[in-house]
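Chemist: Structure incoming, see below.
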Amino acid sequence: METVLNHPLFMPVLVTLVIIAAFPLVAGYIVLVERKVLADFQVRLGPMRCGPHGLLQPIADALKLLLKEDIIPTDSDKAIFWFAPCISTITGLVAFAVIPFARKIYVADVNVGLLVISATSAVGILGIILGGWSSNSHYSLLGALRSAAQLVSYEVALAFALLSGVMVAGTLSMQGIVQSQADRGVWGIFANYGFMVVPFVLYIIAATAETNRAPFDLPEAESELVAGFHTEYSGFRWALYFLAEYANIFVISSVAVTLFWGGWLRPFSSVAWLEKPLNYGVPVILFVGSGLLTFTLIRKVVDPMQQKVLLGVVVLLVLIGAIMAIPMVNDAMIGLFWFLVKVSVIIYTMIWFRGTFPRYRYDQLMNIGWKIAIPVGMASVMVNAVLGMLGKH
């Protein structure tokens with residue numbers, strides 16, 4: 001057993017299996033959080049029927065999608081129609097291979113990891129284009145063409161934002177980028193006298209557009225294109241596009257955290273006396289406090305079964321908080337904790353965009369991409385180059 005645990009392939013294989021097994025569930029609960037947050041913005045409750053406070057809604061949605069009839073349009077290109085969603089989903093999941101979730105939790109440390117993620121995101125758009133074209137529908141084709149044009153427009157700005165981060169870190173390796181921030185003792189967003197805030201904001205805008213999220217969701221604008229590129233999809237194949245979208249959201253959030261927010265590093269990582277308060281106090285207070293807050297909701301639930309489910313959630317949260325107080329467990333998992341907290345903040349920000357901003361017109365979308373985002377990206381690269389040279393002298 002010890003030989004297996006010490007094998008160099010053990011951790012990569014384990015992380016891969018966990019990602020494949022857990023991501024559909026994680027994506028489902030990201031959707032639940034999105035629905036709850038948007039409901040809160042609109043002074044509503046959101047899903048409340050399935051389980052206490054809607055906690056089982058993602059499972060109900062998954063069962064519904066798996067049991068729905070899978071309809072294939074008569075005049076569609078059936079082979080491509082079937083395969084297109086798989087392209088988007090597979091490329092979305094492949095990007096997870098080079099993301100460092102913690103110091104020792106990753107699948108592969110590739111020396112061009114950032115380039116791999118950029119390549120997979122570009123290839124993933126083929127799934128959308130092929131899906132829209134093979135559907136033999138005007139709505140789907142227009143949505144696919146919009147998606148392609150949007151990718152071309154914002155991929156350049158995204159590349160400039162990433163290039164600024166790479167210039168500061170001095171490497172394309174995702175592990176190396178985090179290590180460079182650890183060596184400097186400051187997150188990437190504060191590098192070059194704080195100017196890296198500009199590439200960070202540019203990255204968030206361009207990445208939101210590239211993943212077709214609101215307010216840049218023109219490829220699936222329901223008021224114009226019914227459902228855009230996946231108008232003709234239903235059931236399991238539609239669910240694959242759905243998984244691909246949320247896989248890409250998680251990936252771009254992970255890249256933002258790795259490049260600009262220190263990856264798995266805790267806040268103020270260079271301040272030694274804050275290590276125990278942040279690494280032990282924050283997770284314990286967060287999980288135990290969430291458990292106690294959930295406990296206060298039990299008496300508001302009438303159904304005995306839902307009360308038992310909530311009680312189980314309370315026990316689980318308190319147990320996780322207690323386990324995180326164990327030094328050996330904390331040392332192994334604290335990096336993953338901070339990484340997921342930071343990623344959650346980015347995802348919440350993207351949900352906030354959806355609930356706040358109206359959808360742009362197509363000409364406005366192109367103007368922002370070509371006349372604002374790309375020039376700002378080019379300028380930020382040049383300014384960061386100058387500041388980097390000044391910092392060395």
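The backbone N, Cα and C atoms fix where each Cβ goes, glycine too.
According to Swiss-Prot, the record shows the following:
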- 13-33: transmembrane segment (TRANSMEM)
- 79-99: transmembrane segment (TRANSMEM)
- 112-132: transmembrane segment (TRANSMEM)
- 158-178: transmembrane segment (TRANSMEM)
- 186-206: transmembrane segment (TRANSMEM)
- 240-260: transmembrane segment (TRANSMEM)
- 278-298: transmembrane segment (TRANSMEM)
- 309-329: transmembrane segment (TRANSMEM)
- 333-353: transmembrane segment (TRANSMEM)
- 368-388: transmembrane segment (TRANSMEM)
Chemist: By a Cβ-Cβ criterion of under 8 Å, what residues six or more beyond either terminus of the transmembrane segment (13-33) are in contact with it?
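Modeler: That would be 47, 54-55, 57-59, 61-62, 93, 96-97, 101, 105-107, 242-243, 246-247, 249-250, 347-348, 351.
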Chemist: Counting Cβ pairs closer than 8 Å, which of 186-206, 240-260, 368-388 has the most of them with the transmembrane segment (158-178)?
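Modeler: Looking at each of 186-206, 240-260, 368-388 in turn, the most contacts to the transmembrane segment (158-178) are made by 186-206.
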Chemist: Look at every Cβ pair spanning the transmembrane segment (333-353) and the transmembrane segment (79-99), keep those 6 or more apart in sequence, and say whether at least 3 of them are under 8 Å.
Modeler: no
Chemist: Counting only residues 6 or more past its boundaries, what in the same chain has a CB within less than 8 Å of a CB in the transmembrane segment (79-99)?
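Modeler: Apart from its flanks, the transmembrane segment (79-99) reaches 16, 19-20, 23, 72-73, 106-110, 113-114, 116-117, 120-121, 123-124, 126-128, 130-131, 133-135, 174, 232-233, 237-238, 240-241, 243-244, 247-248, 251, 254-255, 258.
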Chemist: Counting Cβ pairs closer than 8 Å, which of 112-132, 186-206, 240-260, 309-329 has the most of them with the transmembrane segment (368-388)?
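Modeler: Selected stretch: 186-206, with the most Cβ pairs under 8 Å.
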Chemist: Check for me, if you would, whether the transmembrane segment (240-260) reaches the transmembrane segment (112-132) - at least 3 Cβ pairs under 8 Å, residues 6 or more apart in sequence.
Modeler: yes
